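*Asks:* Following this message is one structure expressed as C-alpha cells.
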Amino acid sequence: MRHFKVKAMVQSLDISAITGQQTDAEPSKRSKPSALRRTLQALRQRLTKRNRPKPPDWFLEKFSNTTNTDKIGKGCPAMEDAALSSEIRGSSVLCNRLSVDPTLQSHYRWLAIVSLAVLYNIIFVVGRAVFWEINKSAPAFWYTLDYLCDFIYLLDTLVHMHEGFLDQGLLVRDAFRLRRHYFHTKGWYLDVLSMLPTDLAYIWWPPETCSSLYLPCPVIVRLNRLLRINRLWEWFDRTETATGYPNAFRICKVVLAILVLIHWNACMYFAISYEIGFSSDSWVYNLNGTRNNTLQRQYIYSFYWSTLTLTTIGETPTPENDVEYLFVVADFLAGVLIFATIVGNIGSMISNMNVARVEFQNRMDGVKQYMAFRRVGHELEARVIRWFAYTWSQSGALDEERVLAALPDKLKAEIAIQVHMDTLKQVRIFHDTEPGLLEALVLKLKLQVFSPGDYICRKGDVGKEMYIVKRGKLSVVGDDGITVLATLGAGSVFGEVSVLEIAGNRTGNRRTANVRSLGYSDLFCLAKRDLWETLSDYPEARSTLTQRGCQLLRKDGLLDEQIFADSQRVHDSIEGGIEKLELSVENLNMRLARLLAEYTASQAKIKQRLAKLEMNGGPGTWRLECEPQSRARSGRLYSLQPKRRPRSRPDATAKSSDAAKQNTL
C-alpha cells in the first residue's frame, strides 16, 4: 500500500507541475523542466519499472515441466475424464478447499503459529501452577492468552484433519480419505486429549484460591495442552530442513531444550519446598522477608538452584530429610544423563560445522608436504598456496559433484540449468538447441580456476575443450607474451568451433591465439569427448551444430569449402550405406520372424494330429507310427504296423486293456 500511495502522490505532483507550467508559460515559449519536475519524473519511472512484472525467460521456458493440465490435475484423485472440464475444475476447487498441502509455505507458517501456542503452554502453564503471584498479577491477560491458544488448537485440529498425505507417490486431496487417514493416526488421539475442556474444573476449584497456602494452582488442569508438542517437533524438523544454517538452528534448539528443562526443575523445587514447608530448613526456599516474598526473587532463586543442580555444579544447601535427598539424587542423575547427551550433541554439531574447513586444510597440508618433499621452488609454492586461499574464499572448497551426487539426474540437470543459465546463453552454437541436449551438456560442464599469469591455451595447441568465462579477466596476447590483442570478460566464449572437428577448418582444429589469465579466473570447460558422446544420441542436433560452426568459419574465412564438400559427400555415402544395412537387417529380422511363426504353427498342428490319433486309436486297429517331422523331411517314411489283440481269458480282460493302452507310436 505504501508503494502505491507514493506512486500516486508522485503522479499527482507530476501532473500538477505540468499543468501549472503550461498555464503559467505560453505554448510557444515553454521553459525547460525544473529540477523538481525532473526528480519526480525519475522517481515515477523507477517506481513503474520496479512494479513492472519480469518478462519470462525464453531459455528457462524450454525446460519448464509445468503445464495447464498439470495445474488442473492437482485436484481430486478421481479426476480421470478429460472431457468433463467444468466438473473437473469444480471438483478440483472443492477438494483444494478441503485439503491442505503440507509442503506449502503457508502450512509452514501455520505450524510456526501453533508452535508458539505450544511453547506458551510448555512454559507458562507449569510456571503458573506453582508461582501463584503470576496469576494474581494480571488474571484477565492470562485468561485471554489461554483461550487464544485453545482457539489456535481448535483450528490446528481442523488443519491437521485435512492435511494431504502421499499415497503411491501422489498427494491425496480427497476430504473423506484425509479424515479417515487422520482418525487412524496417533495425532488424532493427541489432538483430542489436548483439547479436552479441563478448564471446567474452575467451577469447583476457583483460580482465586491460589496462594502460598494452597498449591498447586488450578491452572494445572491445563497440563493436557502439552500433548500438542508433536506439532512443535514437526516445525523444528521443517525448519532444520529448510534453513540455510542447520547447525546454528540445532544449537538454538538444544539451548531451548536446556532452558525448558531447567524451568521445569525450578518449578518442581518450588513445589517440593511448599510440600515440605517454606523456611522449614536451609534446603527449602526461604519465604520469610519482604524481598523473598516477591515473584522475581522466588523464580530467580529457583532457576538458579535448578541450574546448579542439573549441571552437577553443586554448591547448594545440603538436604536435611529423605524427600530432599531423593529429589537431589534424581536431579543429579537426570543432569548427568541429559547434559552428557546435550554436550555430546553440541560437540558433534560444532565439529560438523568445521568439517569442510578441516578437509580443505588437510588437502592443502598434503600438497605442502609434497612440494617440500619434491623441493618445489618458493615462487611456485607461493602460487599454489594463493590458489588454495582464493578457492576457499570464493566457494569454501565446495565439491559440487559430491554435494549433488545424491540427487537424480533430472534434478541435477534442473539445478545446473538454473545455475548456468546465463553461461549457456553466451554460446552461439547452442542457441535454439534441443532442451534434451542442453540438459545433458550442462551436467558435463566442469569449473576450473586459473591463477594470475596461467595460460588457458597456447597458439598451435590441439583444441580439446571449449571455455566459458564465468568470472575474471582474460587477455589474448601475441607470441611475445607482452602484446595484448584483446581482453575477455565474464560471459566470453572461445574454442567452441574447435571441439566440433569440422572438416575443412583451415586452422586444423588448433588454437589460433594465446589466452592468459590476468587475475584469478573461473572458467567452465566442456571437453570434446563429452560433447561428442552426448551428440551421438542427438544426430539432428549434431548436424545443426556443424552447420552453425561452418557459418562461423565462413564468417572468418577459415573454411575450405572443397574439403568440407568432399567430407560431406563421404559422410552422406557412409550414412546411406548404414541406412541400407539397417534396412537389410530389418528385412532379415522380419523374414526370420515369419519363418519362426510358420515353424511354430506346423509343430502345433502335428501335435494336435498325434493327440487325436492317440485318443481315437484302440486294440485291433492300425496305428500310425511316424518319426518327427524333421526326420520325415530327410526321406524317412511313415510306417504302418498291425497291432493284434492277443487271445486272453475272460479274467485277463483288464490286463489286456492296460497292455493295449501302453502301445505307443
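A Cβ is built for glycine as well, from the same backbone N, Cα and C atoms used for every other residue.
The model shown is predicted, which means the values in this text are computed figures rather than measured ones.
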*Asks:* Compare the membrane side that Swiss-Prot records for Leu178 with the one it records for Leu404, and say whether they match.
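*Replies:* No - Swiss-Prot names a different topological domain for Leu178 than for Leu404.
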*Asks:* From the set Asn135, Asn288, which residue is assigned the annotation N-linked glycosylation site by Swiss-Prot?
*Replies:* Asn135
*Asks:* Run the contact check on the transmembrane segment (187-207) against the transmembrane segment (139-159): 3 or more C-beta pairs under 8 Å, excluding pairs closer than 6 in sequence.
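*Replies:* With 3 or more qualifying Cβ pairs, these stretches touch.
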*Asks:* Other than its close neighbours in sequence, what residues sit by the transmembrane segment (326-346), given a CB gap under 8 Å and a spacing of at least six beyond its ends?
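*Replies:* Non-local partners: 250-251, 254, 257-258, 261, 265, 268-269, 272, 306, 309-312, 316, 319.
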*Asks:* Do any residues at least six apart in sequence from Asn135 (N-linked glycosylation site), in the same chain, have a Cβ closer than 8 Å to its Cβ, and if so which, in order?
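*Replies:* Correct list: Arg128, Trp142, Pro207, Cys210, Cys217, Val219.
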*Asks:* May I have the DSSP-based helix, strand and coil counts for the residues of the topological domain 'Extracellular' (208-253)?
*Replies:* 35 helix, 2 strand, 9 coil
